[in-house]
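Visitor: So TrEMBL says this about it:
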ACT_SITE  67  active site
ACT_SITE  102  active site
ACT_SITE  119  active site
REGION    197-263  region 'Disordered'
COMPBIAS  235-249  compositional bias 'Basic and acidic residues'
């Protein structure tokens with residue numbers, strides 16, 4: 001009987017680097033899928049909550065996976081690591097007249113970059129979070145490809161993925177597309193650092209004042225529904241084909257508003 005790998009569980013005191021190593025061990029224990037048949041259909045356009053349901057199914061089935069499945073699984077297994085930033089990194093390489101594509105989950109903890117994933121090649125999956133910059137991490141992958149006789153052609157970088165497993169937003173897979181045939185080495189490095197800076201700014205906006213502001217707007221709007229709600233109700237009433245008379249709607253507004261406040 002084939003043993004089923006156990007999903008890693010962590011104590012609150014377990015350091016993030018140790019957790020990442022445990023997640024990578026679990027992904028590696030599932031093994032790379034060499035069968036030619038993909039066991040899990042992953043649509044990148046699905047909302048995050050749907051992809052997390054699929055990742056949960058992966059842990060139950062414990063079947064071999066490929067690189068994209070490993071990325072989804074990595075997101076699922078690191079959702080509770082709120083101090084860890086996760087973002088997809090895609091590679092396009094050329095070897096012997098053919099193009100090859102690969103994807104890993106980039107991670108950033110404490111200002112240090114690393115990666116989670118699975119590959120036929122050991123050096124093209126896990127990277128401990130020890131790289132000082134994003135460009136250092138990507139250059140390490142490029143060097144690993146070079147040792148495999150592959151030439152790196154394109155790098156696609158996504159934005160940070162939400163830690164909310166119930167989020168209906170989609171993963172941004174390719175915020176930055178870098179074509180190495182069109183960029184000098186210095187421009188390539190600058191573009192990587194620009195993307196890293198954009199992610200930091202987005203994280204700052206996501207965890208800073210703007211998020212609470214949205215909640216505060218909802219809270220503030222509640223006692224002011226006497227002003228805001230009638231406008232929304234009138235616009236809905238105009239769109240309804242029910243043919244209700246507008247005077248009746250306007251007279252009924254205070255009662256509707258009162259009902260909303262009670263709810």
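Cβ atoms are placed via backbone N, Cα and C, with glycine included.
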Visitor: Provide, as an integer number of angstrom, the distance between the C-alpha atoms of residue 119 (active site) and residue 67 (active site).
Guide: 6
Visitor: Whole-number Å distance between the CA of residue 67 (active site) and the CA of residue 102 (active site)?
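Guide: For residue 67 (active site) versus residue 102 (active site), the Cα atoms are 7 Å apart.
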Visitor: Let's check the environment of residue 119 (active site): how many other CB atoms sit within 10 Å of its CB?
Guide: 18
Visitor: What is the total of other Cβ atoms whose distance to the Cβ of residue 102 (active site) is within 10 Å?
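Guide: The answer is 22 other Cβ atoms.
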Visitor: Other than its own, how many Cβ atoms are within 10 Å of the Cβ belonging to residue 67 (active site)?
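Guide: Other Cβ atoms found within 10 Å: 21.
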